[in-house]
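Chemist: Take a look at this one; I'll ask things after.
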Amino acid sequence: MAKTISIIGASGSVGSTLAAQILRSKLLGRGDRLQLVAHGVSSSSSKLLATRIDLMDAFDDDSVDIELVANIQDTEGDIVVMCAGAGLGGNLKDRRDLGKFNLPVFEEIAKLCAEVVPSSTFIIVSNPVELAVEIFAEKLGRERVIGMGAEQDSLRFARAIAHDLGLSRHEVFASVLGEHGQAMVPLWSSVKVETNDPTIVNSLAALIERSKEVPLAQRAAKLKSVVFELLQGEQIEEAYEVTRRALPDARIFAQPLITGHAIHSTPNATANATLRFLSATLGTDARPLHGQVVLVGELASIRGVCGVPLTVKRDGWELGTLSISSEEQLSQIRLSAASIANYLMAVRC
Ligand SMILES: NC(=O)c1ccc[n+]([C@@H]2O[C@H](COP(=O)([O-])OP(=O)(O)OC[C@H]3O[C@@H](n4cnc5c(N)ncnc54)[C@H](O)[C@@H]3O)[C@@H](O)[C@H]2O)c1
């Protein structure tokens, strides 16, 4: 059966990079459609007209129908990727700062989607991911609304560990749960390396031991403050160097801020993580994922939005396996969920 993927916010950095990655990955074939959705504003439609031709010049051999959709009301995707809204930059330094700008955008787009594509699966990229997930889940049901931020964070954590151990990321699995932002919870107990090499196993154990010397919140806050100071002087190289010297769990709090500062977004990494959800939804990839979803008590009695391990299929998400080694880590996830809930209440009142 022919498939349609719609990208809302396709003219942005993430949306346009994702469109190219979808076509390059051959997830879609002859007769399938990729909809580039504008929002009824001529500037976004004009950019997408040009983007469409550029994508056709690159990928027309596969005969995917690349369609420009001028208004969100004409979205038809079986899977809809939500990438619309303001991103970080200027005085907006934390993803939570975006809430007040993106709240009306999320409400409007979720309302329109509920009218035209009520049964589709929604992959949420826009920040704050938790806010968009809550709003979309209210309008469309929680079963098929998934934020991809936790997968992005987990891939970053795995890469940071792989880097320090001299491995490649495909040899490391790691989970980051909770918020896609200041209350994220990198779980050392989830880390698995695909090797029995004692040197590497011992190096990982040493990293874990070092991570216990100073609480993560303290290390991450200090690192971010040093990074912000360096960014004020546009010292990008020095800022990356400082993060490289930090432990992987703190590094992932700060490195995306540098990338966001320098190139406004994190388009390739975000598109890559989003592609995993598209592959899972289309049934071509069964790897475990991590994502922000609305829970109703399935995990640690949490009710509300939280990043958790997931398996994703065409008809939505299911809770995946949680590798938790202690009650302390479970309580960190509960605290993160509580922090998300407080933030959502404040931004929506
Ligand atoms: N979850 C993640 O890991 C992750 C990573 C990077 C970016 N993001 C988020 O994704 C979103 C897009 O990021 P980007 O870097 O592509 O930003 P961008 O500024 O390059 O693109 C924004 C897109 O949103 C559209 N848009 C803006 N206002 C709109 C409105 N009122 N209605 C409909 N569409 C509107 C724009 O036309 C454009 O297509 C941001 O919210 C950003 O914070 C999330």
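The backbone N, Cα and C atoms fix where each Cβ goes, glycine too.
Here the structure is a predicted model, which means the values were calculated and not measured.
Here's the feature list from TrEMBL:
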type     : residues                                                 : note
DOMAIN   : 5-146                                                    : domain 'Lactate/malate dehydrogenase N-terminal'
BINDING  : G9, A10, S11, G12, S13, V14, G15, N102, V125, S126, N127 : NAD(+) binding site
ACT_SITE : H180                                                     : active site, proton acceptor
Chemist: Between the Cα atoms of S11 (NAD(+) binding site) and H180 (active site, proton acceptor), find the distance and write it as a whole number of Å.
Modeler: 23
Chemist: Per DSSP, what is the helix/strand/coil residue tally across the domain 'Lactate/malate dehydrogenase N-terminal' (5-146)?
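Modeler: Across the domain 'Lactate/malate dehydrogenase N-terminal' (5-146), DSSP assigns the residues as follows: 74 helix, 26 strand, 42 coil.
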Chemist: Whole-number Å distance between the CA of V125 (NAD(+) binding site) and the CA of the residue listed as 'active site, proton acceptor'?
Modeler: 11
Chemist: Across all the protein chains here, work out how many other Cβ atoms are within 10 Å of the Cβ of S11 (NAD(+) binding site).
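Modeler: Result for S11 (NAD(+) binding site): 24 other Cβ atoms within 10 Å.
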Chemist: What is the separation, in Å, between the Cα atoms of G15 (NAD(+) binding site) and the residue listed as 'active site, proton acceptor'?
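Modeler: Cα to Cα, G15 (NAD(+) binding site) and the residue listed as 'active site, proton acceptor' are separated by 19 Å.
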Chemist: What is the separation, in Å, between the Cα atoms of N127 (NAD(+) binding site) and H180 (active site, proton acceptor)?
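Modeler: About 9 Å separates the two Cα atoms.
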Chemist: Would you report the average pLDDT that the model assigns to the domain 'Lactate/malate dehydrogenase N-terminal' (5-146)?
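Modeler: Averaged over the domain 'Lactate/malate dehydrogenase N-terminal' (5-146), the predicted model reaches a pLDDT of 94.
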Chemist: Which Cβ among the binding-site residues (S13, N127) has the fewest C-beta neighbours inside 10 Å?
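Modeler: Comparing Cβ neighbour counts within 10 Å for the binding-site residues S13, N127 gives S13.
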Chemist: Work out how many Å separate G9 (NAD(+) binding site) and H180 (active site, proton acceptor) at their Cα atoms, rounded off.
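Modeler: Approximately 20 Å lies between the Cα of G9 (NAD(+) binding site) and that of H180 (active site, proton acceptor).
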Chemist: 10 Å Cβ neighbour count around V125 (NAD(+) binding site)?
Modeler: 27
Chemist: Among G9, A10, S11, G12, S13, V14, G15, N102, V125, S126, N127, which the record lists as binding NAD(+), how far apart in Å are the two most distant Cα atoms?
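Modeler: Greatest Cα-Cα span of the listed binding residues: 17 Å.
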Chemist: Give me the Cα-Cα distance between H180 (active site, proton acceptor) and S13 (NAD(+) binding site), rounded to a whole Å.
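Modeler: A Cα-Cα distance of 19 Å.
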